[in-house]
Amino acid sequence: MNTANNATYGTMPPGLFGRGRPSFELGTVVLSTLALIVLCMIFAPSSISSGALAGSLPFAAVAVIVSLGQMLVVQQGGFDLSVPGAISLSVVISTHYPAGNDAELLPAVLLALAFALGAGLFNGILIGVVRLNAIVATIGTNALLYGGVIAISGGVPRTTTPLLSRIAGGEFLGLGYTVWYALVILLIVAVVLKKTVAGRRFEGIGANPAMARTVGLRVRSYELSAYVSAQLLYCLAGILLAGLTSQPTAFLGNSYLLPSVAIVVLGGTSLMGGRGFPVPTALAAFFLTQLGQFSITIGVPFSAQTIIQALALGLGIAVYSFRRS
Amino acid sequence: MTLTSRKIAFAATAALSLAATAAFAEDIPSWCGPDNATLALLDGSGGNSWRQITSASAREEAEKCSSITDFFYADGQGDTQKSISDIKSFAARGVDAMVVFGDAGPAVLPALTAAHRAGVTVVPYRQQVGGEEGVNYAKFVSASFVSDGVNFGNFIKREFPDGAKMLFLSGPAGNSVGLEMLEGLNSVLDERYEYLNPAPFHVTNWDPALTQQVLTAEIAKHPQIDVIISDYGASLIGGLPAFERNGRSIPAITTESVNLLGCFWHDKQANNPDFKLLTRGGGNENGRLAAQWAIALATGGTPPETSVYTSEIFEDSVTGEPSEVQCRRDLPGEIYLSAKLSPEKQLEAINQ
C-alpha cells in the first residue's frame with residue numbers, strides 16, 4: 001500500500017504547479033480524440049454528422065457522469081464495482097414507482113437519491129472505516145443493489161414517464177439536455193477538485209493517505225465522501241438513462257462497469273490514486289463512445305468492435321505507463 | 001304443485017344437468033387425461049415481464065385440467081446452482097410432472113435426467129438443454145423462429161416487390177433466435193433484398209441503450225433504409241425518432257408485438273407515411289404448449305399434435321389482418337396484447 005502510494009506521490013504536484021499550461025493527460029486525450037475525428041471524417045463521415053451525434057452524445061454524456069463518479073473513487077486508490085447495481089437500481093426506481101405517472105416522478109427520483117446515499121455510505125464505511133478491500137466490498141454492495149432491483153421490480157422496470165423522457169431527451173441549442181447536465185456536473189466536479197481547499201485535500205489524501213494522516217487530515221471522511229459522491233453520480237446517470245430509453249431493462253447498468261474504468265484510465269487518472277483529471281475523463285468518455293459509433297459505422301463485426309475498444313484501452317494504459325516509468 | 005308441473009320440473013332439471021355434463025365434457029381438453037397428477041413449473045430466470053406472463057399462461061393452462069391436483073412454481077433467479085437444486089428438490093418431493101425453462105442449458109441436464117429416471121415426467125421447453133428424448137427427459141418442447149423469419153420475409157416481399165434495403169437487429173452474438181430468423185428470411189428473400197448490417201445481424205444484446213446507438217449510427221450512415229427487422233420491438237422505440245430528426249419517415253418494421261410499440265405506431269403513423277408495421281405474437285403460448293405436453297404425458301391424455309412452438313402474425317398495419325395495430329393506453333407498455341392471458345391477469349402476474 002505504502003509503496004503504491006509513494007509511487008504515485010510524484011504525480012500529485014503537477015496539479016498545483018501545472019497551472020497555465022495544458023497537462024500531458026489533457027494533451028493525450030485531445031490528440032487521440034482529434035485523431036479519431038479525422039479517422040471518422042475519412043472512413044465513416046456519417047458517424048460525425050449532426051444526426052448521428054444527436055443520437056450518440058446523450059449516451060456519451062451518461063458515460064461522462066458515471067466515469068466522473070468512478071474517477072473520484074479511483075483517486076482514493078479504490079475501485080467501485082457497484083456501478084452496474086447502482087445504475088440499474090436508479091433506472092428501476094425511477095420507472096417502476098411512477099409507472100408512467102408524471103406526478104410520481106419527483107418522489108421516485110428522491111427515493112433513488114436516498115438509496116444512492118445509503119449505498120455510498122455503506123461502501124464508504126466498509127472501505128474507509130472498516131478498511132475492507134475496495135474490490136471485495138463493492139462487489140458485495142453490487143449484489144445487494146441488484147437484490148434491491150429484483151425486490152422492487154421483480155426485474156421488470158416500467159415504461160419511462162413522459163416527463164422523464166422530456167427531461168432527458170429534450171434539446172437546447174442543438175445539444176441534448178443530457179449533454180448540458182453532464183457539462184454542469186463536469187464543471188462542478190472540476191471546480192470543487194481543483195479550486196477548493198477540500199478538493200485539494202481530497203487529491204492529496206488520494207496520493208498519499210499516510211502523509212495526509214500525519215498532517216492531521218480526516219482521511220476517512222474524505223474516502224467516505226468519494227464513495228457517496230460516486231453513488232450520487234451513478235444515480236443521476238441511471239435516471240437520465242431511464243429517460244433516454246423508452247422501455248429500459250432492469251440490467252442497463254451492466255454495460256457501464258468496464259467502460260467506466262477504461263474511461264478513467266484513458267483520462268489519465270492513476271489506478272493507484274492521487275490526482276484526478278475531470279476534463280480529460282469527460283473527453284475520454286466521448287472518445288470511447290465515438291470509437292464505438294465509428295466501429296458500428298464502418299460495419300465491422302461485433303467481435304472486432306470489442307477488440308478495437310480493448311486496443312484503445314491498452315494503448316491508453318501503455319502511453320501513461322510509459323511516461324510514468 | 002301439480003303432477004304435470006313436477007314432471008316438467010324434473011325433466012327440466014334432468015335436461016339441465018345433462019347439458020351441464022356435456023358442456024363439462026367438452027371443456028376438458030383432450031390433453032387432460034383421467035389420472036391425477038401434480039405439476040411443477042421451474043423457471044431458470046423468472047425475473048422479467050415476458051417470463052412472468054409466460055409462466056402465468058402455463059399455470060392458466062394447467063387450471064383447465066381437473067386432474068392436476070396441485071401446481072408449484074419455483075424461480076432459479078438466474079442462478080444455475082439454484083435451478084439445479086429446484087429440479088432435485090421437486091423430484092424428491094414426488095411431483096409427477098415438471099415443466100422446465102432450462103436457462104442454464106446443458107448444465108441442468110444431469111438434474112433433469114435424474115428426475116426422469118426417478119419417474120417424473122420432465123418437459124424442458126424453449127431453451128435447448130442437450131440430451132435425448134426418452135433418455136434424459138420425456139419431451140422437449142422447442143420454439144422455431146424460422147417461421148417468424150418466413151412471415152417477416154413475406155411481408156417485406158409484399159411491400160417491396162422490387163427489393164429493399166434492410167437492417168436486421170438481434171440479441172447477443174450467435175444467439176439462435178437471430179440465426180433461425182435469418183434462415184427463414186433468406187428462404188424467402190432473394191439477392192435484390194440487401195442487408196445493411198454486418199452478417200449475420202447487428203449485435204444489440206437486447207439492450208435498449210446499445211440498440212439506440214446502433215440505430216443512430218446506421219440511420220446517419222444510410223440515406224435509404226426500407227425495413228428494420230428485429231426480434232425485440234420495444235428496444236427500437238428509443239432510436240426511431242432519429243429518422244424524424246433527419247427529416248425522414250420511420251421505415252417499415254417487422255418485429256415482436258408489445259403494447260408500447262403498438263401505441264408508438266399510433267402516435268407516429270400520421271407523420272411517417274412509410275411506417276408500416278408487422279408483428280408476431282409475443283410467444284407466451286410456448287409455456288402453454290409445454291404444460292399441455294407435461295400434463296398429457298402425466299395424466300394419460302392425448303399429447304398435442306406438435307412439440308414445436310411457432311408464433312403467428314399478430315398485427316399487420318397494411319391489411320389489418322389478422323389484426324389492426326393494437327394499443328391500450330390504460331395498460332403498461334410491457335403488456336402483450338397478443339397473449340391469450342387477459343391483460344388484467346398479465347398485470348397481476350408482473351405485479352407479484
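Placed from the backbone N, Cα and C atoms, the Cβ positions cover glycine too.
Listed in TrEMBL:
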type	residues	note
TRANSMEM	A:26-46	transmembrane segment
TRANSMEM	A:52-74	transmembrane segment
TRANSMEM	A:105-127	transmembrane segment
TRANSMEM	A:134-152	transmembrane segment
TRANSMEM	A:172-193	transmembrane segment
TRANSMEM	A:224-244	transmembrane segment
TRANSMEM	A:256-274	transmembrane segment
TRANSMEM	A:306-322	transmembrane segment
The transmembrane segment (A:224-244) vs the transmembrane segment (A:105-127): 3 or more CB pairs under 8 Å: yes
Recorded stretch that, among A:26-46, A:172-193, A:306-322, has the most CB pairs under 8 Å to the transmembrane segment (A:52-74): A:172-193
Best-contacting stretch, by C-beta pairs under 8 Å, relative to the transmembrane segment (A:256-274) and drawn from A:26-46, A:105-127, A:172-193, A:306-322: A:306-322
Cβ contacts under 8 Å made by the transmembrane segment (A:26-46) with residues that lie 6+ beyond its boundaries: 52, 266-268, 277, 279-280, 283-284, 286-287, 290-291, 293-294, 297-298, 316, 319-320
Tertiary contacts of the transmembrane segment (A:172-193) (same chain, 6+ residues out, Cβ under 8 Å): 50, 54, 57-58, 60-62, 64-65, 68, 72, 199-200, 202-203, 233, 236, 240, 243-244, 276, 278-279, 282
